[in-house]
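Listed in Swiss-Prot for this protein:
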{"type": "COMPBIAS", "residues": "612-627", "note": "compositional bias 'Polar residues'"}
{"type": "DISULFID", "residues": "CYS57-CYS137", "note": "disulfide bond"}
{"type": "DISULFID", "residues": "CYS179-CYS250", "note": "disulfide bond"}
{"type": "DISULFID", "residues": "CYS203-CYS224", "note": "disulfide bond"}
{"type": "DISULFID", "residues": "CYS277-CYS352", "note": "disulfide bond"}
{"type": "DISULFID", "residues": "CYS301-CYS322", "note": "disulfide bond"}
{"type": "DISULFID", "residues": "CYS650-CYS661", "note": "disulfide bond"}
{"type": "DISULFID", "residues": "CYS655-CYS670", "note": "disulfide bond"}
{"type": "DISULFID", "residues": "CYS672-CYS681", "note": "disulfide bond"}
{"type": "DISULFID", "residues": "CYS688-CYS699", "note": "disulfide bond"}
{"type": "DISULFID", "residues": "CYS716-CYS808", "note": "disulfide bond"}
{"type": "DISULFID", "residues": "CYS784-CYS800", "note": "disulfide bond"}
{"type": "DISULFID", "residues": "CYS844-CYS871", "note": "disulfide bond"}
{"type": "DOMAIN", "residues": "157-252", "note": "domain 'Link 1'"}
{"type": "DOMAIN", "residues": "257-354", "note": "domain 'Link 2'"}
{"type": "DOMAIN", "residues": "646-682", "note": "domain 'EGF-like'"}
{"type": "DOMAIN", "residues": "813-873", "note": "domain 'Sushi'"}
{"type": "MOD_RES", "residues": "SER418", "note": "phosphoserine"}
{"type": "REGION", "residues": "569-575", "note": "region 'O-glycosylated at one site'"}
{"type": "SIGNAL", "residues": "1-22", "note": "signal peptide"}
Amino acid sequence: MAQLFLPLLAALVLAQAPAALADVLEGDSSEDRAFRVRIAGDAPLQGVLGGALTIPCHVHYLRPPPSRRAVLGSPRVKWTFLSRGREAEVLVARGVRVKVNEAYRFRVALPAYPASLTDVSLALSELRPNDSGIYRCEVQHGIDDSSDAVEVKVKGVVFLYREGSARYAFSFSGAQEACARIGAHIATPEQLYAAYLGGYEQCDAGWLSDQTVRYPIQTPREACYGDMDGFPGVRNYGVVDPDDLYDVYCYAEDLNGELFLGDPPEKLTLEEARAYCQERGAEIATTGQLYAAWDGGLDHCSPGWLADGSVRYPIVTPSQRCGGGLPGVKTLFLFPNQTGFPNKHSRFNVYCFRDSAQPSAIPEASNPASNPASDGLEAIVTVTETLEELQLPQEATESESRGAIYSIPIMEDGGGGSSTPEDPAEAPRTLLEFETQSMVPPTGFSEEEGKALEEEEKYEDEEEKEEEEEEEEVEDEALWAWPSELSSPGPEASLPTEPAAQEESLSQAPARAVLQPGASPLPDGESEASRPPRVHGPPTETLPTPRERNLASPSPSTLVEAREVGEATGGPELSGVPRGESEETGSSEGAPSLLPATRAPEGTRELEAPSEDNSGRTAPAGTSVQAQPVLPTDSASRGGVAVVPASGDCVPSPCHNGGTCLEEEEGVRCLCLPGYGGDLCDVGLRFCNPGWDAFQGACYKHFSTRRSWEEAETQCRMYGAHLASISTPEEQDFINNRYREYQWIGLNDRTIEGDFLWSDGVPLLYENWNPGQPDSYFLSGENCVVMVWHDQGQWSDVPCNYHLSYTCKMGLVSCGPPPELPLAQVFGRPRLRYEVDTVLRYRCREGLAQRNLPLIRCQENGRWEAPQISCVPRRPARALHPEEDPEGRQGRLLGRWKALLIPPSSPMPGP
């Protein structure tokens, strides 16, 4: 028994020996230590932006303190600042000698030292956002030393605010009311200056509390010189007439409650969002509350409604798919001039706010790499992580290369351009850098460029679900995603929104059509490889009977058929032409392969070239040649398929003006672009305006006047055009050989760094980069593309503020305003002209129910499809129970409405 007990006792003694030894050592250490340093107060210590804060640090001597003799006998005091794993000295003092870091000059002091050797508290004034971090107080006296540390959090955020309707819309009194309405206060000059010192930059003039108008600029440039020319600083217009109109700088600080993201399975309209929050004992959050929550650590990669009708989302930990390179509150604007909030019927998540007696904790920053859907959790937790300002390299001069960028008036959207702050005006922020205004990203806070989003307003008739086959919603609402005033450049393409392309099954009325090559756009998230090519049988023509077709809603601002240049092995190439642009046969080295064929609309002739022709070449197989429905009497004006004598193959192509050669048993067919006709597509049916050059279904006009990229795009849009987009090698050669100059083209990556898009929304189907291009690295400012004519027209990315010549391009065929209906209206803002294949959607007026297809398409003949929509009164619920309506008044009333409202050509809806 003793043999078992002794080992157990020894084990217990050994187990407790380390703890006892530690107590002894600690006691010895405490006895040997001459003093101890302690920072009083609960962590984190909180200060306010632009204010002052004293960090209390005291020395507690465990032995009698030394007598005050000479300076050499004084303790050495050192304050350091730790942030992001880096440590920087704030000041070092010994007696009356004090050394202060240049970054803290005139802002820090030891108010009690050396008069008191036990009080080494640090006074910090003019607090900035990047003053948040860990401060360590270290005291050394002789061979003894001790230290303590505390976290400091600077509260408060300054942000620019504007109404969604217009830019520069506030008088001084209106500016004060606007900030109060969104749960904030109008900022003071001291707060704006502190934000500027923290890296904030905004090239927009805004009201401050002292009735002055100012704006902060880190990197001076032409559009943002103000009263300081080429020097950085806060531009000041001085005291301004209170009736003048500007934006306003607001300040948000405390969040006295819980702010959480509402993420229901079904996205919400604005009214539904308000009801959603009320059902949970909360109210829809204000813009100021969201900024305060973001400043406290709220991070959600999901746009949500706010009380003022804006849609925003906060990013603390940015990533390439959520917020780009810098943190901030991102905002979705409707127009590229940063105005217009999303339509109230659009569907998003919602940010709710639940009031409480004490300031609430902020939801823990979510991981942006996670699924945004997981952000719907309403758990509120305390964030212990400190929000730090992102510092950019001071020596970086690429920021200046962004230069002055002016607002682009979007004539078709009714949006007007804006002038520079001196007028006053604005320069774009970074992306998301503002597409119409260039803004150099400041160290920490910067505006991101606008990113174009395509989203259709989704409307669904509840009664229609019960009585008719349910129609899926088509997304067709053009939203420009522009970040908010504190956003940062460079978000990834996958901005957190609903997929921009969703398939919808739509009924199509019979119509004659002429064949067009192409492939329908793929839904978002589906790769080409996942859809094998379809091989069609012998040439057949679809009978003109009603049938269902699949219509996808792609992300460009207008619905266009996505087509790509393809090359068959050893055979001819089919070159698709988006929006009526050029196409021509021939091979293109390195061009993408033809998209797999998809189901064609009614009126489509499905053709397949023979697998081998007489010359042994293999023709493309499984090519779906899609026809677009038109009125029978208009088929000639939109081009067509003509049969010419068989020549063995289509090389060289006998077709002119970009016509596509198709081989059939009965001969060779020429598929003509819109605006051309004849057997060989050699007859012009439409012509460009005087001064414009026609080429393969498009019109071009070159301007030798040198402008920045934004100014050039603005000028093109004034003509209803865009900077030239290039879809084929033939179009590249035409532009480069005809207009032999360095010139802008419409390609740019200002929306998302590295994701190049055409300004007219045409898919990027062809590239002609110079070797080593594009070479723009993050935040370098090389976001626009130039064609170098003497180098075979190869492309290079350069800063957008270069002044170069440019070429504008518009479709040869376009549609005017859509037909007006007495009981329905079109979604979106009207435009001067609509490209071919643009799809618009009608909606019935309030109180009426929709019947039949609500979509119309701009046809290749420049005419809109005849509207099929019918609007009828909603059926009262009790009409379903005849016994409750013995006199049949509901039925008679419904019959009179039908007779009055339904067009004679429209089919009568079933009961």
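Start at 1 and count along the chain as shown; that gives each residue its number.
Glycine too: its Cβ is placed from the backbone N, Cα and C atoms.
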Secondary structure of CYS352 (disulfide bond) (DSSP, helix/strand/coil): strand
DSSP-derived class (H/G/I helix, E/B strand, else coil) of CYS203 (disulfide bond): coil
Reduced DSSP assignment, CYS137 (disulfide bond): strand
Spatial neighbours, same chain, of CYS352 (disulfide bond) - Cβ under 8 Å, 6+ residues apart: LEU259, PHE260, LEU261, GLY262, TYR276, CYS277, ARG280, ALA282, GLU283, ILE284, ALA285
Least buried by Cβ count (within 10 Å) of the disulfide-bonded residues CYS277, CYS670, CYS716: CYS277
Which of CYS250, CYS672, CYS681, CYS784, CYS808, the listed disulfide-bonded residues, has fewest other Cβ atoms within 10 Å: CYS808
Residue among disulfide-bonded residues CYS301, CYS871 with least C-beta crowding, 10 angstrom cut-off: CYS871
When distances run from the Cα of CYS716 (disulfide bond) to each of the disulfide-bonded residues CYS203, CYS250, CYS655, the nearest one: CYS203
Integer mean pLDDT for the region 'O-glycosylated at one site' (569-575): 37
Fewest Cβ neighbours within 10 Å, where candidates are the disulfide-bonded residues CYS650, CYS800: CYS650
Spatial neighbour of CYS57 (disulfide bond) that is closest, considering only the disulfide-bonded residues CYS655, CYS670, CYS688 and their CA atoms: CYS688
CB within-chain contacts under 8 A for CYS688 (disulfide bond), separation at least 6: ALA694, CYS699, LEU812
CYS661, CYS681, CYS800 screened against CYS655 (disulfide bond), Cα within 10 Å - retained disulfide-bonded residues: CYS661, CYS681
Distance check against CYS661 (disulfide bond) for the disulfide-bonded residues CYS224, CYS322, CYS670, CYS672, keeping those with Cα within 10 Å: CYS670, CYS672
Among CYS137, CYS655, CYS699, the most crowded of the disulfide-bonded residues [Cβ within 10 Å]: CYS655
Pairwise CA distance, CYS224 (disulfide bond) versus CYS179 (disulfide bond), rounded so that it is a whole Å: 24
CYS322 (disulfide bond) CB neighbourhood, other CB atoms within 10 A: 25
DSSP-derived helix, strand and coil totals, residue by residue, for the domain 'Sushi' (813-873): 0 helix, 26 strand, 35 coil
